[in-house]
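Residues or ranges marked as transmembrane segment in TrEMBL: 12-33, 45-62, 74-94, 106-125, 212-235, 247-263, 300-319, 325-345, 366-388, 408-435. Residues annotated as domain 'Cation/H+ exchanger transmembrane' in TrEMBL: 26-430. The region 'Disordered' annotation in TrEMBL covers 515-535. As annotated by TrEMBL, compositional bias 'Basic and acidic residues' applies to 521-535.
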Amino acid sequence: MTSVIKIDFPENSVTVVLFLLTAFVILFSYISYFVKERLFLSEPLVATLVGILLGPKVLGWINPLSWTDEIHHLTFEISQAIILIQIICAVIQTPKNFFKHHWKGLATLWGPVSIYMWVITGLIFKFGLNIDYWPAFILSSCTTPTDPVLANSIVSGRFATLHIPINIRYVLSAESAGNDGVAYPLFLLAFLFHTQSDKSIFLNILQWLGEVICYSVILAVIVGCAIGYCSKFIFKLCLQKKLMDKPSFMAFLVCLAICTGAICDFFTISNYIAVCCAGVVIAWDDFFASESANTHAQEVLDMLMNWAFFIFFGSSIKWEAFNSGYLTLWRLFLVTALIFVFRRLPAVLVFRNWITPIRFFKESIYVGWFGPVGVGAMWYTSLAIQRLGIEPFEHEGDKKIENEEFNMYYYSIMFIVFLSIILHGITVPIAHMTLTYTTRSFHKKENEVAWPKNMPIDGNAISGPITKLDSNVVLKKKDENEAGDIAEQSDKVANIIPIQNNDEEDDDDIQIDVNDNEENLQVRESEQQLVKDIE
């Protein structure tokens with residue numbers, strides 16, 4: 001008689017993968033507060049380490065490399081969905097006043113700083129890996145964008161709320177939302193010169209301006225703004241008519257991001273630029289942020305997708321590929337070290353006076369260092385492999401031989417992403433040493449305003465979460481010297497964003513943002529009382 005009872009643990013099966021993923025989420029949930037708020041370890045770092053543990057080199061329970069020979073296709077599809085959701089979430093969480101008053105700083109980060117990162121990283125790849133120029137610039141376009149997934153893990157959480165100024169959290173989040181789209185024309189420029197080397201420079205640039213800038217980029221901006229405006233109009237109308245329930249409201253932004261990305265893929269225009277523009281239009285009046293302030297459905301979905309991706313990432317690392325063909329360990333470590341030091345920091349220091357949210361020199365160092373390379377880099381290298389038609393294996397009879405060119409594109413970027421997850425995941429507490437006592441601490445001195453007695457010394461009151469909204473309060477200053485003291489003390493006490501007033505009002509006005517909600521009412525009243533005491 002054949003027994004129907006069978007105990008089996010089929011390694012690398014769908015059942016095992018789902019079991020391990022859900023078991024990790026359950027176990028991590030028990031200690032998530034301790035890991036994130038006491039040990040200050042980011043979720044991507046923990047998920048990557050778990051993926052390595054479950055991967056073929058340790059326990060061998062998950063092996064994505066055995067699912068398909070074209071692992072880059074799977075990476076491309078998963079990473080694209082995650083980036084689209086992260087972009088629109090990052091835009092929605094940023095208050096409208098930030099885009100309105102700090103567009104110059106964001107344009108500097110998306111323009112000159114990104115171009116500098118592309119050029120300097122391309123030169124590092126060229127001489128570090130000893131490859132041709134245009135393949136090196138294709139690789140550099142993969143590392144140009146700051147990743148919204150890793151950036152979100154840096155700028156959110158209790159430690160970031162207490163120790164990282166809100167203006168820095170906003171600028172990192174907003175920059176990462178647009179950087180993935182900014183890297184797209186740079187990638188296609190290097191791609192055209194690499195694949196059409198027989199054409200003249202003039203013809204390649206002319207084709208790039210016509211097909212990439214005028215079509216892929218400008219059309220993406222138009223499509224994104226149109227989708228965002230129409231979606232917001234219909235959304236508000238349905239809410240007024242009471243045609244929409246709460247669950248549908250929760251799924252709206254996530255599905256809108258993926259739908260917008262799919263529409264752009266149909267016409268081969270930049271989906272990341274379109275989604276970013278759609279998000280800015282939707283978030284322009286802070287309607288969506290206020291409606292979803294007390295809901296967490298999007299954050300839950302976003303968290304689950306991030307965990308799934310980084311477990312997949314950690315388990316798909318092919319360690320032996322880091323020391324074969326074009327790649328050697330010493331070259332990879334050298335290239336990665338040079339990229340982390342020279343890729344972003346020098347440009348931020350040079351242009352820091354143009355990046356309006358940055359107020360202090362040490363804040364510029366922080367912004368220059370925390371430009372993580374992550375999911376977006378894996379998407380771009382997968383895109384490059386697809387566009388160049390590179391196969392992972394070369395077939396000689398019945399044998400499959402690894403393609404060294406594939407390993408150069410895919411695993412060099414994977415190595416940089418892996419080290420970025422580790423370095424940017426464990427160095428967040430350094431912000432406590434570099435920022436807290438220079439940009440946030442309030443050291444009482446003689447003839448200096450004391451801490452208001454009726455203001456609670458509480459982390460949530462001092463620096464609310466990034467999702468909270470801001471309203472404007474204009475403070476009149478009596479004279480030039482007094483104004484500097486008021487602005488500086490107000491900024492440190494209430495953790496606000498000083499913005500120069502460019503309207504028709506008096507140039508001596510200082511416009512600041514404070515949280516406008518009931519729980520921070522004491523903060524706003526104390527801020528006004530502080531000014532009265534000084535006057």
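Just so you know, glycine gets a Cβ as well, placed from its N, Cα and C.
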Range from 212-235, 325-345, 366-388 with the greatest count of C-beta pairs under 8 A to the transmembrane segment (247-263): 212-235
Contact between the transmembrane segment (300-319) and the transmembrane segment (106-125) (3 or more Cβ pairs under 8 Å, separation 6+): no
For the transmembrane segment (366-388), sequence-distant contacts whose Cβ falls under 8 Å of one of its Cβ atoms, 6 or more beyond its ends: 44, 72-73, 75-76, 79-80, 82-83, 86, 117, 138-139, 141-143, 145-151, 154, 164, 168, 171-172, 179-180, 183, 187, 191, 194-195, 309, 313, 339, 343-349, 355, 358, 406, 409-410, 413-414, 416-417, 420-421, 424, 427, 431, 434-435
Same-chain residue ranges lying at least 6 outside the transmembrane segment (45-62) that approach it to Cβ under 8 Å: 11-12, 16-17, 20, 24, 28, 35, 306-307, 309-317, 319, 418, 421-422, 425-426
Selected stretch (most C-beta pairs under 8 A with the transmembrane segment (325-345)) from 12-33, 74-94, 106-125, 212-235: 106-125
Residues of the parent chain within Cβ reach of the transmembrane segment (12-33), under 8 Å, 6 or more residues beyond its termini: 46-47, 50, 54, 61-63, 66-67, 304, 307-308, 311
Distant-in-sequence neighbours of the transmembrane segment (212-235), which means Cβ under 8 A and at least six residues beyond its ends: 181, 184-185, 188-189, 244, 252, 256, 260, 263-264, 267-271, 273-282, 287-288
